[in-house]
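Feature list (source: Swiss-Prot):
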BINDING   D40, N72, G99, S100, T139, T140, T148, F150, K161, G183, H268, H278  NAD(+) binding site
BINDING   D195, H199, H264, H278  Fe(2+) binding site
Amino acid sequence: MSSVTGFYIPPISFFGEGALEETADYIKNKDYKKALIVTDPGIAAIGLSGRVQKMLEERDLNVAIYDKTQPNPNIANVTAGLKVLKEQNSEIVVSIGGGSAHDNAKAIALLATNGGEIGDYEGVNQSKKAALPLFAINTTAGTASEMTRFTIISNEEKKIKMAIIDNNVTPAVAVNDPSTMFGLPPALTAATGLDALTHCIEAYVSTASNPITDACALKGIDLINESLVAAYKDGKDKKARTDMCYAEYLAGMAFNNASLGYVHALAHQLGGFYHLPHGVCNAVLLPHVQEANMQCPKAKKRLGEIALHFGASQEDPEETIKALHVLNRTMNIPRNLKELGVKTEDFEILAEHAMHDACHLTNPVQFTKEQVVAIIKKAYEY
């Protein structure tokens, strides 16, 4: 087995107020002529996609828009967006939004060059050709989908989320302009911020972690601990929003290279079955999965180390679990899976599907089906 470790991030990333204009100038200087914007109805309604469209048109690009991406984007979203791209013969894709818009755009850009159906690329590095260049403008902090090689697409017929982990879907440019996040509602700030925290923690206890991903994960936790609640309480807090831009990007650097674990493996199934918000599912599951992970000595030690980054006086994994529950309560996250509408009769199939999700492969403990069901049950009854 090779001992070589790769580290994957976009070639270019822009941060700070004014990053939108910087990105538009960069696209013009590359001499592209036709762009497809992929976004969602909410971003279209507040005028942000129109603003980016105007910037690009002022720089002599012809712009088409697909703005029907739904939360937890599905195969139909990918197909419809690809149709718009082909009609215009777009050279590049510009995604605007959170994880849903970016994931849909990645899938569209991948199919534009590789052909076939998006399900053909489920798993790790199944494509042969580079996707069309993707410029990912982020509006949440967040999924980090604007900078990762992950894309998650729902197969509604099978009630599953397909995890496509492929170097070829890595965006060409990632854009984090905190001014696009000032209007983010508190509930979405909480859900996306806790998604970023889950990325940090799962990457830190991952079997594929390394010193670089560890540094990214721990710094991400520090920034989230300092700034997430502040951003939740005051969405226009410029420092908190800026810190969260960096935090979610650091989290992305961590999990893009160390991968994830059973929190995400289970959250994907909850999203596929019940169309629940991804970040909320992660937040509810995170303490329970990590508690189960403590049977692994290395994971237990690392969870103890994380406690120091939450302000504990000593390494204690129980303090980390406690801090996660407190953070959830502070930001009004549902207490358990029961409150989210999960059904007890689905526990078995949720567990089975999670055990086939690529994210479980780097969890520090390879649970039996009975253990996965027990985790779901605990998260349901808590």
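Every residue gets a Cβ built from N, Cα and C, even glycine.
Worth saying up front: this structure is predicted, and the values here are computed from it rather than measured.
Sequence features annotated in Swiss-Prot and their locations in the structure.
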residue	record	contacts (Cβ under 8 Å, 6+ apart)
D40	NAD(+) binding site	D67, K68, T69, Q70, P71, G97, S100, A101
G99	NAD(+) binding site	T140, G142, T143, S145, I152, D195, H278
T139	NAD(+) binding site	I43, L48, I96, G97, G98, T180, M181, L184
T148	NAD(+) binding site	T170, G252, F255, N256
K161	NAD(+) binding site	N72, I152, I153, S154, N155, H268, Q269, G271, G272, D357
H199	Fe(2+) binding site	A144, A217, G220, E248, A251, G252, A254, F255, L260
H264	Fe(2+) binding site	T198, E202, N282, D357, C359
Sorted by sequence, non-D195, H199, H264, H278 residues with Cβ within 8 Å of centre, Fe(2+): T143, A196, T198, L260, V263, A267, G279, N282
All-chain count of other Cβ atoms within 10 Å of D195 (Fe(2+) binding site): 30
Cβ neighbour count (within 10 Å, all chains shown) around H268 (NAD(+) binding site): 28
Conformational class of H264 (Fe(2+) binding site) under the three-state DSSP mapping: helix
Cβ atoms near H278 (Fe(2+) binding site) (within 10 Å, other residues, all chains): 24
Extent of the NAD(+) binding site in Å [max Cα distance among D40, N72, G99, S100, T139, T140, T148, F150, K161, G183, H268, H278]: 29
DSSP three-state assignment for K161 (NAD(+) binding site): strand
